[in-house]
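Trainee: The structure is given below, and queries will be raised subsequently.
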Amino acid sequence: MQLNPSEISELIKSRISELGVDSQVRNEGTVISVTDGICRVHGLSGVMQGEMLEFPNNTIGLALNLERDSVGAVVLGEYTHIKEGDPVKCTGRILEVPVGPELLGRVVSVLGQPIDGKGPINTKLTDFIEKVAPGVIARQSVSQPVQTGLKAIDAMVPIGRGQRELIIGDRQTGKTAVAVDAIINQKGKGVYCVYVAIGQKASTIANVVRKLTENGAIDYTIVVAASASESAAMQYLSAYAGCTMGEYFRDRGEDALIVYDDLTKQAVAYRQISLLLRRPPGREAYPGDVFYLHSRLLERAARVNAEYVEKFTNGAVKGKTGSLTALPIIETQAGDVSAFVPTNVISITDGQIFLETDLFNAGVRPAINAGISVSRVGGTAQTKVIKKLSGGIRTDLAQYRELAAFAQFASDLDEATRKQLERGRRVTELCKQAQYKPLQVWEMAASLYAVNNGFFDDLEVKNVLAFEKGLQDHLKSKYADLVARIEATKDLSKDDEAALRAAVEDYKRSASF
């Protein structure tokens, strides 16, 4: 039998074409070890820093350490089923979370999954968890206020839209209470809020959610929860996830407020991951890049100009600036603000509200130390009427604290010193405020006006808050036009000032407090 070479080659070609083998090039590696949520993977030569990795059972990991012969990855979620020899694939993607108005009113995990039992969230968009902060040219100076509704803050340490204001203090000094009050006070002001709970007890988070719901604040708030039972990786990523959700509003010409509660626990989680990845420890065993951990997060809070918003939205939104205001919380140990993480965050932020244990225990709540609490944005972002009336409050309080310490040792005090001490006691009393009871601008203005003009000087200290409450009720019932004008203009004209003085004098004569 004679074989024709051309027939043989044709036969081989047809067989090859029928095979239909698809060749896929894939970057794949093998698990060498897995301990405490950290996987060492051999291979993956083309992996990128921060890239998502796919483990068996659709488990996701994050490549953090790129070494010569292995990759150190942190597993997001359950890792007990991963074993030595398991295959690991590169995804070529960076971690993303869902964003959009659909998240408002919901409690979500770090990766944007609903955990409040209210059904699925149908978001249309996702965005990267790590993003570069807006540049200098894209920013606009901070000039609009974020009213917290707390007299002590709005009068002495005003916060502006796009500012980063640190809330710092020991445990149990009311840090979360200040932040939650600020969120509650944004009702009807067009500010969307994000509350990021990092490493807290689940019961504490549930309590915050309940309070927000009771006060009607949950409708414009996203709660991102990474409780103490979550892995260190989730606690570390939670702040960035919340920031991305807040940036959605900022970049579209809206105003947003984000609370990180608290960044000390985030730094501890990052330290845990870094030590498990065998990175060299530095001061207090934190890794060398713990400053960058917080600076790249807090720099994303900014006020962006109208050009940036217009360019981002492809011309859909014109003439509107956007802002993301950050209220990071730091917990200190025995008032030590010179520890590593507190000093880092103080140097990054635009001011700090310092809460003191001694003041808290003395019944001054919020327990704000007026002497060392500052806002580096200052009066530029303050409401006109509050700016006009709050000038003397801070100095009165600072001088009072100084004199009070001195007066303990002095037996006979001159008249001027005694007057200053008496005034200081009344101003301190006036700065006290009940939790979840933020004040409107006109209420604050009335209180500040009364204390500045000496209407409290002849009252007993214990009657100060009762007088304030009575004055507010009196103004609301008999001077509704004046109240409406102050609230609308956020200013105090000469005529309104005269009317306010007459109203306060009228109330004081009635002596119904």
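Yeah, the Cβs are placed from backbone N, Cα and C, and that goes for glycine too.
Positions annotated as ATP binding site by Swiss-Prot: GLY169, ASP170, ARG171, GLN172, THR173, GLY174, LYS175, THR176. Taken from Swiss-Prot, the feature site 'Required for activity' applies to SER373, supported by sequence analysis.
How about a rundown of where these features are and what they're close to?
Mentor: Sequence-distant neighbours of ASP170 (ATP binding site) (same chain, 6+ apart, CB under 8 A from its CB) are GLU331, THR332, GLN333, ALA334, GLY335, LEU355, THR357.
A 10 Å cutoff on Cβ-Cβ distances gives SER373 (site 'Required for activity') a total of 22 other Cβ atoms nearby, all chains included.
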Trainee: Under a criterion of Cβ-Cβ distance under 8 Å and sequence separation of at least 6, what residues of the same chain contact GLY169 (ATP binding site)?
Mentor: LYS175, GLU331, THR332, PHE354, LEU355, GLU356, THR357, ALA367
Trainee: For the binding-site residues listed here, GLN172, THR176, which shows the highest count of neighbouring CB atoms within 10 A?
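Mentor: Buried the deepest by this measure is THR176.
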Trainee: List, in sequence order, the residues of the same chain other than GLY169, ASP170, ARG171, GLN172, THR173, GLY174, LYS175, THR176 whose Cβ lies within 8 Å of the centroid of the Cβ atoms of the recorded ATP site.
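Mentor: Result: GLU331, LEU355, THR357, PHE360, ALA367.
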Trainee: At 10 angstroms around each C-beta, which of the binding-site residues ARG171, THR173, GLY174, LYS175 has the fewest other C-beta atoms nearby?
Mentor: ARG171
Trainee: According to DSSP, which kind of secondary structure is GLN172 (ATP binding site) found in, if we only use helix, strand and coil?
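Mentor: DSSP assigns GLN172 (ATP binding site) to coil.
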